[in-house]
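Remarks on the structure that follows.
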Ligand code: 16G
Ligand code: MG
């Protein structure tokens, strides 16, 4: 029996003491908080990643150090499972427990219990690949992570500074290397080459694409964006903006989606009619937009990306003669605009699940081809292994079918199936626009978004808010849902729901209605109900919560 290297763990852990006053939680997006308090967490995550790999017989586990779209002083860390998917949820609680062990002895005791409980064979090897985004707190946090990995004796690979989706790609390719399920070459160059080659194949013979402006959120997407720029050259002229200012400040996908505005830095850059898109800080979210002739801003969010790309894939499946064998379905969350859900349900099976990538990803795995995007721009397309085989082995009966079959195969390669990938998704969008000869306005006209509004309410205890039906209804506090229903009935096209955030200590209120002022009013009135319910101080009640 191989035992835990207790002395080595203790020696290194003592270098990363935990403050007794801080409680950490492995939430929807891993651990995420101020970068300066994360040092002890990174060490412990290193140990846990090693154990996760041992548990899975030495398969490579990924660790990404990022806080995505959050402000620059924040940071975070999340684990990636062997196929490039999020850490199995059952382990989240163990991550939380280990991160909160108060002293070195407590940590070692918790570790020993966990190894027994999870039946981890410590004689197995541990292999971990890690990467970080561009945050200033990154290098020190990675150093702490490396101590944790050393303590558990893991074999490591440093993926350097790269996007979250590249790290997920590395995990998958390292684990499938040399097998029939090989996902590509296990390097960043392999990633760029695989995707850009498929892109070039798909736009060959189409009219030249107009330049595309990318707002890089001053994040790591600028680096990967540059690599695509070099690989694609004139096939897709790329203009990179917001490449080295303050991360996520007044720019990026989250800024655009939340404020429903153009990043101010693009105001002088973007011409009317020209399309542009924003990435978030770790390049796993994508929002498109354009200005019309009157320089009015129009946003094309995750829902519009679903509508565009899902119909493209459905058309290719049909044209290849595979309609009977391959069913395409869509996964959304309650945040999907009501118009998008209507548009999609008229055409395809659509499922609604709770917020968070892992819920969407798992639901999408149930279709032959599952297209999922959150309205915030995070998403991808999953092809089941059987669907992929069917597509690759299909015997076309006409030259036209053969062409669309090749298009489908290239589409599979352009997509990063491990996780939402802003740059790969962006290229997929560009392919569809090229194939359909759509401008941004034509794409936008697939359906008209219902005006909507998202409001945050600070409450004493967000855990008092519990939901059901994919977060569309509140079960607790008791009685609040009935009040919301009563209010919603007064608004034409009204819909509203309330859920506790998984990443911030707030409750979120979403509302939509046929007209802009009504959507705003409904959101604020529901927020008022939440505020009162949570015992908010009537004197300081925000004025807009009517
Ligand atoms: C995290 C989730 C994202 C979700 C968001 C909701 C992952 C990798 N990311 O960023 O999918 O939309 O949280 O945040 O799962 P909220 O719970 O604060 O509204
Ligand atoms: Mg992100």
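Just so you know, glycine gets a Cβ as well, placed from its N, Cα and C.
Automatic, uncurated: that is what TrEMBL annotation is.
Feature annotation from TrEMBL assigns domain 'Alpha-D-phosphohexomutase alpha/beta/alpha' to 61-91 (among others). Averaged over the domain 'Alpha-D-phosphohexomutase alpha/beta/alpha' (61-91), the predicted model reaches a pLDDT of 97.
According to DSSP, residue 280 (Mg(2+) binding site) is assigned to coil rather than to any helix or strand. Long-range Cβ neighbours of residue 280 (Mg(2+) binding site) (same chain, at least 6 residues apart, Cβ-Cβ under 8 Å): 68, 69, 217, 219, 221, 248, 252, 253, 254, 377, 422. The annotation Mg(2+) binding site is assigned in TrEMBL to 68, 280, 282, 284.
If you look up TrEMBL, you'll see 68 marked as active site, phosphoserine intermediate.
Look at TrEMBL and you will find 117-178 (among others) tagged as domain 'Alpha-D-phosphohexomutase alpha/beta/alpha'.
Residues annotated as domain 'Phosphoacetylglucosamine mutase AMG1' in TrEMBL: 209-286 (among others).
Look at TrEMBL and you will find 301-438 (among others) tagged as domain 'Phosphoacetylglucosamine mutase AMG1'.
Counting only residues at least six positions away in the same chain, the Cβ atoms of 253, 254, 257, 285, 287, 301, 302, 335 sit under 8 Å from the Cβ of residue 376 (substrate binding site). Under the heading substrate binding site, TrEMBL lists 374, 375, 376, 499, 500, 501, 502, 503, 508.
Summarising the annotation, TrEMBL assigns domain 'Alpha-D-phosphohexomutase C-terminal' to 476-527.
In this structure, the CA atom of residue 374 (substrate binding site) is 16 Å away from the CA atom of residue 282 (Mg(2+) binding site). Within 10 Å of the C-beta atom of residue 502 (substrate binding site) sit 15 other C-beta atoms, taking all shown protein chains into account. The binding-site residues considered are 282, 284, 374; of these, 374 has the fewest other C-beta atoms within 10 angstroms of its C-beta. Note on the domain 'Phosphoacetylglucosamine mutase AMG1' (209-286): DSSP counts are 26 helix, 14 strand, 38 coil. Proximity to ligand 2 at the level of Cβ atoms, with a cut-off under 6 angstroms, picks out 68 from the binding-site residues 68, 376, 500.
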